[in-house]
């Protein structure tokens, strides 16, 4: 196979991997954590994965501490946790 063909194949495989949803067995453990505002008093719109509803939901993050199930965008949450 030519180097151009190999590059095309590599590009297609990379695209496929990026578009394939996360399966529950590949989902990071922190996706199972509850939403956690944290102790600070800021008001930041953030997203967390809700395993019971199997979707990412918005919540208000206080700005500090909390846990790893905390994403700035719904897209980031869905790429990481949603199946």
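Every residue gets a Cβ built from N, Cα and C, even glycine.
Annotation source Swiss-Prot lists signal peptide at 1-24, citing sequence analysis.
The disulfide bond feature in Swiss-Prot is assigned to 31-81 (among others). DSSP assigns residue 81 (disulfide bond) to coil, not to a helix or a strand.
Annotation comment: Swiss-Prot describes 31-81 as domain 'BPTI/Kunitz inhibitor', evidence class sequence analysis.
Secondary structure at residue 64 (disulfide bond), as computed by DSSP, is coil. The C-beta environment of residue 64 (disulfide bond), restricted to residues of the same chain at least 6 apart in sequence and closer than 8 Å, consists of 38, 39, 40, 42. What Swiss-Prot lists as disulfide bond is 40-64 (among others).
Under the heading disulfide bond, Swiss-Prot lists 56-77 (among others), citing sequence analysis as support. Counting only same-chain residues at least 6 apart in sequence, those with a Cβ under 8 Å from the Cβ of residue 77 (disulfide bond) are 47, 48, 49, 56, 71.
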Count, for each of the disulfide-bonded residues 40, 56, 81, the other C-beta atoms lying within 10 angstroms of its own C-beta, and report the residue with the smallest count.
40
Neighbour tally for residue 31 (disulfide bond), based on other Cβ positions within 10 Å of its Cβ:
20
